[in-house]
Structures are given as C-alpha cells and as structure tokens.
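**Q** Sharing the record's features from Swiss-Prot:
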type	residues	note
DOMAIN	42-166	domain 'tRNA-binding'
DOMAIN	421-496	domain 'B5'
BINDING	Asp474, Asp480, Glu483, Glu484	Mg(2+) binding site
DOMAIN	745-838	domain 'FDX-ACB'
Amino acid sequence: MKVPMSWLQAMVNLPDGTTTDKVAKALTNHTATVEKVEVVGGELTGPIVIGHILSSVPEPQKNGKVINWCRVDVGPRYNAEGHPKNIEEGVEGRGIICGAPNAVEGAWVVVSLPGAVLPGGFAISARKTYGHMSDGMLCASDELGIGVDDAGIITLPPSVEGHQLVPGEDALPILGVPEEVLDVDVTPDIGYCMSMRGIAREVAHAMSVHFRDPYDEEPIGPVLGPVAVDVQSDACSQFIALPVSGMNLGAPTPRFITDRITRAGMRPINLVVDVTNYVMLESGQPLHAYDADNVSGTIVVRKAHEGEHLLTLDDTDRTLDPDDLVIADDSGAIGLAGVMGGAATEVTAETTSIILEGAHFDPMTVARAYRRHKLGSEASRRFERGVDPICAHTAAVRAAELLAQYGGATVGEPTVVGEVPEMPRQTINADLPNRILGTKVPTEEVIEILTRSGVKVTALGDSLHLVAPTWRPDLVDAYDYVEEIGRKIGFDRIKAVLPPSLGASGLTKAQRGRRRVLRSVVEAGFVELITLPFIGDKDLDVLGISGDDTRHATVKLANPLDDTRPYLRTTLLPGLFHAVTTNMSRSQDDLAVFESGTVFRAVTPAAAPRPGVDERPSDEVLAEIDAALPAQPRMLAAVICGSWLPDRWDGESVKADWRHAVLVAQKAADALGVRLVRKADRQAPWHPGRCAALIVDGKVIGHAGELHPTVVSKAGLPQRTCAVEFNLDALVAAAPRGGEVMAISSFPVAKEDVALVVDKSVAAEDVRQALIEGAGPLLESIELFDVYEGEQVGDNRKSLAFNLRLRGADRTLTDSEALETRDAAVARAEETCGAQLRS
C-alpha cells in the first residue's frame, strides 16, 4: 500500500516538524513495516515554472504531424531580454515548440526552462527545432515523473485551491512535489490498512495525535429505493445500489484525485473509474459502476447457475462455478461479486447514467472465486482480507457526491438491502495481556489502548467485555486483543526474557530406536539418501504389484510438482530405483543405499470434513479428520547392486546378493534387541524364489531378497539387484523396554553339531525354534552354518546343519549331559518338523 504523505496529513494532525522517517518508524513499530520511502519529483531541479500561453499557432509538418508554435508568458524574471526568446523584440514571453493538442491559447501550463534537469538526467536547453528556436519545454506529468497524462501536457485552472496562478512562480509547490510516499507492507491480518483511512488511524494511534475519520457514520438499515435489488445469498450481508444520472463522463478528473491515486500506484482512466478508485483507496471499500441503461430488470445477488458464462471486463469469457457469487439482472450474470464486473454493463464514453454498487461480501467466497478464476484485482485483495461493512453505504454516497460535484451528475435515492453484520463479542481477564506478553501494563492503559483502536470496552471487575469495531474483522478471540495491545504499546517496549528451563526431556523411545537402527545400517556399509516423496502410475507398474495391494492406495496431490508423479509415495523403492539409475549414469555401479521416511496409503475411503474458519473444530470433527487421513507409517528400504566387495590384491570381489538385503533387516533388529524371523514368501517386486518375509512377533513387517528380473529390466537396474523394505515403526515398537542381564559363566562351553534332514517346504527358522525348545536352559546359542540339497538327502529334501553351544551356569557339563541335551533338541525337531538326523 502506497501512502502519499499529503493525503495522510489530510486525516491526521501531525505536529509541526514531524518527519516522514518518524512516521515510518512509528508505523513499523506498531502496525506494519514501511519497506521504503519514495520521493515523487525528487529528481527535478532548475527553473520549472508556471506559464501562460499567450498565443499558439498550429504548423502542419510534412510527416503529417501538427506542432504548435507557442508564445508563453513565464513572468518578468524569465521574460527578460537577457534570456533567449526567439520572438519579436519587446514582446513578452518565450517561444516554445509543443506537439501536445492541448497546448492552446490561454492555457496555464508547467514550463521547464533552460537549465532545468528532469528525471533520468534529461537537461533542458534552448534548441532549434521545426524551424524555430524552442526556448524551453511545456511539460507532461510523465516527463516530470509525477504521473501519467494521456491528454498531453499538464494544464492547470487559473486558481488552484484558492491561489491565483502567476506566470513565472515555482510550479513544483503547485504540483505538490516533491512529495514523500510510504510503501507499506500490509499483511493479510490487517486488511483495514489497505486504505488511507486505516493507515491514518494507525499512525494517529501510534503517534498519539487526532484522527479525522471521513467515514464516521452509523450503520444504515434497509432502504427501499428506485433500483430493485434481490439478495438471495448469505455471502452478501448488505448491498447498496445508488443511481447517478445526467453525468458528463468527459469531464476531467480533478487534479487532486489523479495526483493522489497516481502516487498510490493506480492509473487515471476517466472520471467514474478515477472516483471509484479514489474512494476505494481512501475508505478501503471497493465500488463498482454499472451502465444503468444496460441493466435490465432487478439486480439479483445469487450463486452462479451450472454452466453459466460471464464475459468479464478483461474481455475473457469465463465459465462460472456454482460456488461463485454473481451480480445478475434479467439477462444473466453481469459481474463476479467482489472480483470484476461484466463487459455487458461496462461504463463507456457514451454512458450518462450509472448505478453505483457498494456491498459487503463474504471474504472466503470472494477469495475462492478469484483464485478459481485466477483473477486477482484490487477489489478482491481487499474483500478477502475483510472490509468495513459500514463503508458499503458511506463510500457509495461519497463517490456519488464527487461525481455530482465534478461531473455535473444528479444523485438519486439509494436502495439498501440487508443489515451491517454484528461484530463478535469477547470477554477477557484484564490481566491476560500482561500474562501473555510478560508486561506490566496497567488496566487503565489497556482500556485506553483498546478504546483508541475502536473497541467498545466495558470493565466489570477483573473482566473486560469487548466489542470489535466494524473495520476489525481480525479481532475474534482473546489472544487477538492481546496481540493488539502488544502492537500498540510497541513490541520494542517488551523486554526480552528467557523462558524458564523445563528440564531436558531428551529423545523419545521411538526416536532413540530409530537412531540406533539408522546408525547400525550405516555401520553395515550403506549410504543414506533422501529422495522426493512423489510417485506416478509408471512407478507402480514397474513394481508389478496387484491392484488390491495397499501400495496402490495412493493420495493424489491437488497441485503436483511433476504431472508424471502426482501421488504421494506408498513405498520407498521407486525413489531408490531412480537414485540408483542416476548414479549408474555417472559410472557408480557398486551401490548400497538406503532411505528411511514416511509413506502415505489411503487405506480408508472416508472424506475429511471441511470445518469453517470462524471457530475451533469440535473434538468429533477433529476425530473425523484424523480418521480420514491416510496411513503414514515410517519405512526403511535399501537397494544393493554390483559388488559388495571389489576386486583387491588379497582376494576376489564379492557380488551383492539377497543375503546383503536380509543383512539390513537383521542389523536393524539386532540394534533394538528384537528377534527377527525370516521365512520364504512371494511378494512383488521380489523374485518369487528369492524373497524372504521379515516377521516380528508373528507379524510380517516387510520383505527382503532379490528383485524380480522383469522389475529389474523395467527400472533399468543392474541384473541381480536386491532390495529390502520394512516397517520401521513396527520394528521400533517391538523393541523390549528392558531386560535381564545374564551372569557370565566361567565354566567351559560344550559344542555339539547336528545335521537334520527335512522337507524343502520346512523353514529353517521353524527347525531352529524346535531345537531351542528341546535343548532347554543349557543352550547358550544356536547357529545355522550349512544348508545342503542334493542326491545324498533325496528329492525335495534339504539338510540343515546347526551348531549348538551349551554351557552350565554353575558347573562344567559332562559329556553325558551335553549328549542328553543334544538328543532332546533333535527329538523336539523330529516331533514338530518331521526332521531326521542325518547319518
């Protein structure tokens, strides 16, 4: 928001000698940051004076252009004979060439004389052009860097604000330059500062001076006027239609209006547009003007019909959404409420009668509409932040009065439909601001601050009953008022106090567990990666997973970074596959990489409710939202390819295989003290004969093994690439909370080896578990050290060889005790697994 200081001073009684820097500092400390201070006309130097055109002779040129040879009175000082004039001896004035069509006899103009320097370092000097010595320049607004003037050069009335112009006097004070303009960064929560009225109120409060409110009126209720209006939507609380007729649209806009809106960052167009923009900048209330002759029947405020179209002022045919709020007449939609008007009722050069619209629209409705149509405007920026509802009527009346004053219009009676909505009420403890801000502000000062902010305050004991002013929709709950008090006393007055130490709680059990797991995987030789959490249909097709797999339950992004990957990942493997292929393209062929991260699986079809923003959602609504969220388990995955150990002088290379994939899961389980069971399984994308299910506490938490050749080919991975993926949250949750530390026995160990023959379908883990049960408490450890399949054990049979370590806690085991324990273990394996002792 750009704030010209002269406009600000029209509303605020700033003390004499108040500098712009002081105003900027006060505004920054209490309300919004002043990003910079611009100086309009600050580059102008030299003689720039008021001139009076005594004569103007049009002279057509060969190129078809018409120039004016003007004799300009610039006062006794600059008309003197000592200055070059290029006109007859004894004749007053200077000769100046000008091509502007409004350089006519009798006009009062701004003249840059030789020696003046304009913006960009453009120096003025006498020079011969079009057959004459041009002794200066008649200036346009853009040439002075103070605005835009499509009519040509600047022309002034003979009297400006009661001052009779005199040829030769300094023109810059007449033009109001140089003028300082504040560039204020208005954040979304202080939408009322999108107006001069709002900024002026904040400056007055910050500097403890008087504020003159040009829109200080009481709310107006329904009024039956000549324009028929029907409001059919709750998204419009009040609508004002004010007819203005007999208007001369060709009348020039007063210079004070064009100067102010130009310095505020807007371009002058014509009287109606300039006046509505001026009032919007002044009050914060957007207005819209309809050509009354093109409005048929009743003006209706309603939601758009399905498939309805509107040709907007930017000449774009828009298909409306049923949630769009529109202004319509008997012919259909004539405007997108709060955003942009329609071309059918646009004010043109032939317009003589208009209907001024002032309305209060729902901020969310306007915000959604302009985002839906990608049609931001000055009006929508203000409506979405909240507009003072009282100004809907007062701003329309103000604009109509200006049109009557400067355009000769006649103002009719307004039609007012709806009421100004009531503002929220709140009760707070008088000491709440001090408790939250850490200040010691007396209650009397709190009341004074809120009252100056426009809040109606009623003190009852230790409580303050508060009613927000109409221009402050941001004051809703108690803490909004606390923030208001903090801003108004100045955050620079609040001393920095370190919060008391609550004692370090440390990491949670889950955090400690995850760190141990990640550290163990890194120590095993793997490199951690972080990949983007997005996948596409092609990624899922590469994995070869079935349609009912939970990894197909994707969450689609509304605005994906990459249209080919519009889903949140349901597995970590695609990201690792992309990372591996990228590294291979850079000649990195031996890779062992892993990633831990969240995946997202929409396993519940429920849709999350959309609560309003005006109140806290209930516990039931929050529970429904949580229930509709996708499952988000934290997973760990790794991919291994190439050589596990490269060729070296003391041995051959070791190729990576499925055992290294299983190693990742085993290392993770060992780091947590969790018993991991591995069992043959079939699961995409792994090879059906080289895939192990990873089981903890009887539940499958993941899989490991060699990838299916088809998957390897589609993903562009090296042959025999292996992978593992498991639920890290489930593994960490299974970690024991504590354990018993067994005493270290000083007695020798007894070692027994057994080789058992079982069917190929029997899992080695089942045999191992049977041996543990049969051996009893003397078994210290057991290890599978050999697997054999061949003629010696028969078809569909395999031999599993285990090493049993036996030790007594209080004695040395005898040979017979060791043999008995071994036999008991074998007997249990025979009983449960059908195992036979291999001879």
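Every residue, even glycine, has its Cβ placed from backbone N, Cα and C.
Owing to the predicted nature of the structure, the values given are computational and were not obtained by experimental measurement.
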**Q** Does DSSP put Glu483 (Mg(2+) binding site) in a helix, in a strand, or in coil?
**A** helix
**Q** Hey, for the Mg(2+) site built from Asp474, Asp480, Glu483, Glu484, who else sits with CB inside 8 A of the CB center?
**A** Asp189, Arg472, Leu475, Val476, Tyr479, Tyr481, Val482, Arg487
**Q** Please give me the CB contact count at 10 A for Asp480 (Mg(2+) binding site), counting all chains in the structure.
**A** 17
**Q** DSSP helix, strand and coil counts for the domain 'FDX-ACB' (745-838)?
**A** 34 helix, 32 strand, 28 coil
**Q** Around the C-beta of Glu484 (Mg(2+) binding site), how many further C-beta atoms are within 10 angstroms, looking at every protein chain?
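**A** A count of 21.
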**Q** Could you count the residues of the domain 'B5' (421-496) that DSSP puts in helix, in strand and in coil?
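**A** Helix (H, G, I), strand (E, B), coil: 31 helix, 15 strand, 30 coil.
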**Q** Using Cβ-Cβ distances, find the residues under 8 Å from Asp474 (Mg(2+) binding site) that belong to the same chain and are at least 6 apart in sequence, listing them in sequence order.
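**A** When sequence neighbours closer than 6 are ignored, Asp474 (Mg(2+) binding site) has Asp189, Ile190, Gly191, Gly386, Asp480 within Cβ distance under 8 Å.
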